[in-house]
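Student: Per TrEMBL, the feature domain 'Enolpyruvate transferase' maps to 7-414. Look at TrEMBL and you will find Lys22, Asn23 tagged as phosphoenolpyruvate binding site. Taken from TrEMBL, the feature UDP-N-acetyl-alpha-D-glucosamine binding site covers Arg99, Arg128, Pro129, Val130, Asp131, Leu132, Asp313, Ile335. Among the features that TrEMBL reports, 2-(S-cysteinyl)pyruvic acid O-phosphothioketal is placed at Cys123. TrEMBL lists Cys123 with the feature active site, proton donor.
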Amino acid sequence: MDRILIRGGRPLNGAIQISGSKNAALPLMAAALLTSEPLRLSNLPRLADIASMRQLLAGLGAEVAEVQPAAGEQGQVLEIQASHVASQRAPYDLVRKMRASVLVLGPLLARFGQAEVSLPGGCAIGTRPVDLHLSAMEAMGAEIAIESGYIHASAPKGLTGAEVVFPTISVGATENAMMAAALAQGESRLVNAAREPEISDLAVCLRAMGAEIEGEGSEIITIRGCGSLQGASHPVIADRIEAGTFLMAAAITDGELRLVGAQAAHLERPIAVLRQAGVTVEESDGTLLARRRNGRLRGSDVMTEAFPGFATDLQAQFMALMTTAEGASMITETIFENRFMHVPELIRMGADITIHGASALVRGERRLTGAEVMATDLRASVCLVLAGLAAEGETVINRIYHLDRGYERIEAKLAACGAEIERLTS
Ligand SMILES: CC(=O)N[C@H]1[C@@H](OP(=O)(O)OP(=O)(O)OC[C@H]2O[C@@H](n3ccc(=O)[nH]c3=O)[C@H](O)[C@@H]2O)O[C@H](CO)[C@@H](O)[C@@H]1O
Ligand SMILES: C=C(OP(=O)(O)O)C(=O)O
């Protein structure tokens, strides 16, 4: 199994191109199932999750081809055509590797009147049920049964537009409901919808495919379903979590990074928190520049929240940063019940952190020292990379397949800015 070796203590300096967003790309790829015409997606990151979604779509019978970027296009470009969908079954083997596989449920059900999707099961960061996805489908008229670990959904006469009131905010359930509603008969109103930039990106693409959608980015999304959707061409937004991670990499190493393509509007709360902690973040011409303001960082409290709040996907990285700040920080995780798996590993590197329920108290100004550590999930992995970059000596991170789910060419991007980092293959 591959590992990452980091020799820490070197400031990062340089420019990094931000890749396309994994979390925007996955629902966009699933949206290709809504039409028999080709959907062309550009600026897709080259990540394990994108490969898994590609495999899932191909397994259903869609044709997925990588094509050369046209003028103005960036990243990986895929043309997905789901004209002959032979199967409506998302198998356990793929769903267990990537929970976002459940995003094929809405499109398959809306277009073909049936879908079988393996229940995702638990996950390192929490139980992560899919009840909100299922109740949204039921509100639109689907019958749902759980048998042998699979969701069996059927709507032989098609889905009907409905008011879906989400009791709690769910990004994935909002996306599934938007895609299903786009092909349902009549109008749907999604109330207490997620407002993440990835939701807005999906709405833009669905609109280009002919869907009538309003209100994305607000708490109520209205969708008037139409009989069929057409092909479209859509560039995926930049990955705000990758950008936020590298803002923190600049700060933790006391370096200076220019992030090309990063969208400040998608990072307002994390940038405000970083500024309060003593990081200068400047925006100009589609880039973000980050460096410490006067050498020292101050402990700052953070609570994770749905967008526009502080993203849970940046919580672990912020915790690594706060281990090096002056004073104490209280970091409260409100989205996932078990997203502190990085804490024992940071402690092994010299951090002083105690967990009290959903909060972690970080006592700062620790000198981190390199150690052999274990990655447990995607953001925990990159938090250990940040800690390793700041630590004295060598850090070896095991189980980095988690990292490959969400960070494109991370060693190359960091090495180009002065990090001593290498992948050890065995
Ligand atoms: C591929 C993707 O985009 N992943 C992101 C997405 O995950 P995902 O879409 O899975 O996250 P959700 O927004 O659905 O989850 C938020 C909370 O709602 C709960 N919940 C969710 C659905 C449901 O049916 N029932 C239920 O109880 C979850 O367990 C969690 O506690 O949003 C999360 C929250 O910003 C991010 O951390 C993930 O990186
Ligand atoms: C939790 C994450 O992803 P997923 O929802 O795909 O597990 C993440 O991107 O941090």
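Cβ coordinates come from backbone N, Cα and C, glycine included.
Automatic prediction, not curation, is the source of TrEMBL annotations.
Help me picture these features in the structure, burial and contacts included.
Tutor: Summarising the environment of Lys22 (phosphoenolpyruvate binding site), the number of other Cβ atoms within 10 Å of its Cβ, over all protein chains shown, is 26.
On its own chain, Val130 (UDP-N-acetyl-alpha-D-glucosamine binding site) has Val102, Leu119, Pro120, Ile151, Gly172, Ala173 as residues at least 6 apart in sequence with a Cβ closer than 8 Å to its own Cβ.
Cys123 (2-(S-cysteinyl)pyruvic acid O-phosphothioketal) falls within a strand when secondary structure is assigned with DSSP.
Sequence-distant contacts of Cys123 (2-(S-cysteinyl)pyruvic acid O-phosphothioketal), defined as residues of its own chain at least six apart whose C-beta falls under 8 angstroms from its C-beta, comprise Arg99, Asp377.
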Student: Compute the C-alpha separation of Asn23 (phosphoenolpyruvate binding site) from Asp131 (UDP-N-acetyl-alpha-D-glucosamine binding site), stating it in Å without decimals.
Tutor: 20
Student: Considering only the binding-site residues Arg128, Leu132, Asp313, which residue has the minimal Cα-Cα separation from Lys22 (phosphoenolpyruvate binding site)?
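Tutor: Comparing Cα positions, the candidate nearest Lys22 (phosphoenolpyruvate binding site) turns out to be Asp313.
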Student: Can you list which of these binding-site residues (Arg128, Pro129, Val130) have a Cβ closer than 6 Å to ligand 2?
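Tutor: Near the molecule: none at all.
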Student: Consider each pair of residues in Arg99, Arg128, Pro129, Val130, Asp131, Leu132, Asp313, Ile335, all listed by the record as binding UDP-N-acetyl-alpha-D-glucosamine, and report the largest Cα separation in Å as a whole number.
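Tutor: Binding-site diameter by Cα atoms for UDP-N-acetyl-alpha-D-glucosamine: 22 Å.
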Student: Would you mind sorting out which binding-site residues among Lys22, Asn23, Pro129, Ile335 put a C-beta under 6 angstroms from ligand 1?
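Tutor: Asn23, Pro129, Ile335, by Cβ distance under 6 Å.
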